[in-house]
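Annotated features, as they stand in Swiss-Prot:
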type	residues	note
BINDING	His81, His471	Cu cation 1 binding site
BINDING	His128, His473, His530	Cu cation 3 binding site
BINDING	His468, Cys531, His536	Cu cation 4 binding site
DOMAIN	31-147	domain 'Plastocyanin-like 1'
DOMAIN	412-551	domain 'Plastocyanin-like 3'
CARBOHYD	Asn34	N-linked glycosylation site
CARBOHYD	Asn50	N-linked glycosylation site
CARBOHYD	Asn77	N-linked glycosylation site
CARBOHYD	Asn115	N-linked glycosylation site
CARBOHYD	Asn186	N-linked glycosylation site
CARBOHYD	Asn298	N-linked glycosylation site
CARBOHYD	Asn339	N-linked glycosylation site
CARBOHYD	Asn374	N-linked glycosylation site
CARBOHYD	Asn386	N-linked glycosylation site
CARBOHYD	Asn427	N-linked glycosylation site
CARBOHYD	Asn450	N-linked glycosylation site
SIGNAL	1-23	signal peptide
Amino acid sequence: MEGVRVPIACALILLAISSITSASIVEHTFNVQNLTVSRLCKRQVITVVNGSLPGPTIRVKEGDSLVIHVLNHSPHNITIHWHGIFHKLTVWADGPSMITQCPIQPGQRYAYRFNITGQEGTLWWHAHASFLRATVYGALVIRPKSGHSYPFPKPHKEVPILFGEWWNTDVVALEEAAIATGVPPNNSDAYTINGRPGNLYPCSKDRMFSLNVVKGKRYLLRIINAAMNIQLFFKIANHRLTVVAADAVYTAPYVTDVIVIAPGQTIDALLFADQSVDTSYYMAAHPYASAPAVPFPNTTTRGVIHYGGASKTGRSKPVLMPKLPSFFDTLTAYRFYSNLTALVNGPHWVPVPRYVDEEMLVTIGLGLEACADNTTCPKFSASMSNHSFVLPKKLSILEAVFHDVKGIFTADFPDQPPVKFDYTNPNVTQTNPGLLFTQKSTSAKILKFNTTVEVVLQNHALIAAESHPMHLHGFNFHVLAQGFGNYDPSRDRSKLNLVDPQSRNTLAVPVGGWAVIRFTANNPGAWIFHCHIDVHLPFGLGMIFVVKNGPTKSTTLPPPPPDLPKC
């Protein structure tokens, strides 16, 4: 059933029940199925939810609980990840394949059950098994609970803006070929706004997102980068935007004419409709290519904003196009990413923990896989601190943790890189080529409950310096500082913002640079930390944080639900 609300007392099977009397259970059914569509002059079979691209928008209030029945009618294994949801004691619903569950096989089903606590804003959901995320995704909107309001002017309307990528090919086969050959997949054929490429692409004149506005009104744009592998610049001609939230955490208002958004990230921005009604205005997005030497699709998607009350007809109105930054404008990207700050004392604001229990320095980037007999070489690999992550095949990591099953993962992820070197020097492998090769493993870092962890994420340039959007499941983290070059504690500790840093679940670590993040491990379970450039995770750019149970029942992981899929 779709969008049903019932009193929360009727659902005693939920693992956590809100004490707020106005809270509800919001229940949906996701039918995962194949669909034949026409895009870019070609008919293509894709996998979608409920027959649409993007899939349905889930709307809840803070304090609600969600039950999503996923029925897999597709020919592919599937899982759904609820990107950015904390999943306090509901980690069995987090969704990454072989991390918290085995995939839902064709013809099978699974009910994701979780509560929405301490979060407001824009999140999203997507497939977390193979490249199906290219077409299996949608928005997850969390509004304040009844009687509470936004900490900014009430908008006239809320508008989801989801960026995507489109391939004129079978995306599952595309990923399988990339993994087999160790070569990145072909670039996408188009970018999309709400599933529509826009009129700069072939056979797409009438396939453009359109937004009608009323002059003098405010609109809340809920912007989501669901693109697979590309960070994006986004602008609206003749309009400025006020950022009020990032990754479902309120920010101090930040006025800008350009949004920069990495795969996995969300931005809430207010648009004030204050321009001439006799002109229309394109919204447009194109790549921020942090690694100029790496091929990327240098095309542009666009939608259009029309004002009501115009004296001219739609066909005769001029349409203005925004001037987007250069594809390689790292300074504009860095300025946007680093200028966001927290809305101190706003709803659900969490101060920075001042005392750190665990310190880690983690290198991230691409390398090469050592050649085995009868294999194609060289293959690209990716790693965190030279550990190239491999998904288990027999049992999910969370089940192994809960049932204490040995041999599924190793608890040896290091606090420091095994070899220290000049991380951002692109010529370092000329004298030490062995740095290029990574070891395959399924490595985890074990954390005691309530441990405060500080992680320095250090990009390296062994293959190509690149900005990696790093996503942590189950937590938000404070972004204390960012910079370029090699992190130097004697120089860079003074840059830490301990007062009002932004909190995120996905951070684009600067190209050829570093970032310092801090979080408290108060959520028991197995949580993957990985690059959200989708081709990089199967190459190995990930690791696991296993957070142990706390001392009480309310801090102890419950057993798996009876319908948890089997491998």
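Backbone N, Cα and C atoms are what each Cβ position is placed from, and that goes for glycine too.
Since this is a predicted model, take the numbers as computed values, not measurements.
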All-chain count of other Cβ atoms within 10 Å of Cys531 (Cu cation 4 binding site):
28
Once His468, Cys531, His536 are set aside, which residues in the chain still have Cβ within 8 Å of the Cβ centroid of the Cu cation 4 site?
Ile364, Ala382, Glu466, Pro469, Met470, His530, His532, Ile533, Leu537, Leu541
Whole-number Å value for how far His81 (Cu cation 1 binding site) lies from Asn115 (N-linked glycosylation site) (Cα to Cα):
14
Spatially speaking, which of the recorded positions Asn34, Asn186, Asn298, Asn339, Cys531 is closest to His128 (Cu cation 3 binding site)? Use C-alpha to C-alpha, please.
Cys531
Determine, for the Cu cation 3 site, the additional residues of the same chain whose CB lies within 8 Å of the mean position of the CB atoms of His128, His473, His530; present them in sequence order.
His81, Asp94, Gly95, Pro96, Ile99, His471, Ile528, Phe529, Leu537, Gly542
Those recorded positions, out of His81, Asn427, His468, His471, that come within 10 angstroms of His530 (Cu cation 3 binding site) at the Cα:
His468, His471
State the Cα to Cα distance, in Å, between Asn77 (N-linked glycosylation site) and His473 (Cu cation 3 binding site), rounded to an integer.
21
Within the domain 'Plastocyanin-like 1' (31-147), how many residues are helix, strand or coil going by DSSP?
8 helix, 59 strand, 50 coil
Using other CB atoms within 10 angstroms as the count, which residue among the glycosylation sites Asn339, Asn450 scores least?
Asn339
May I ask which of the binding-site residues His81, His468, His473, Cys531, His536 is closest to Asn186 (N-linked glycosylation site) if we compare their C-alpha atoms?
His536
Please work out the mean pLDDT for the residues of the domain 'Plastocyanin-like 1' (31-147).
97
Please state whether DSSP places Asn186 (N-linked glycosylation site) in a helix, a strand or coil.
coil
About how far apart, in whole Å, are the alpha carbons (Cα) of His473 (Cu cation 3 binding site) and Cys531 (Cu cation 4 binding site)?
11
Based on DSSP, tally up the residues of the domain 'Plastocyanin-like 3' (412-551) by helix, strand and coil.
18 helix, 61 strand, 61 coil
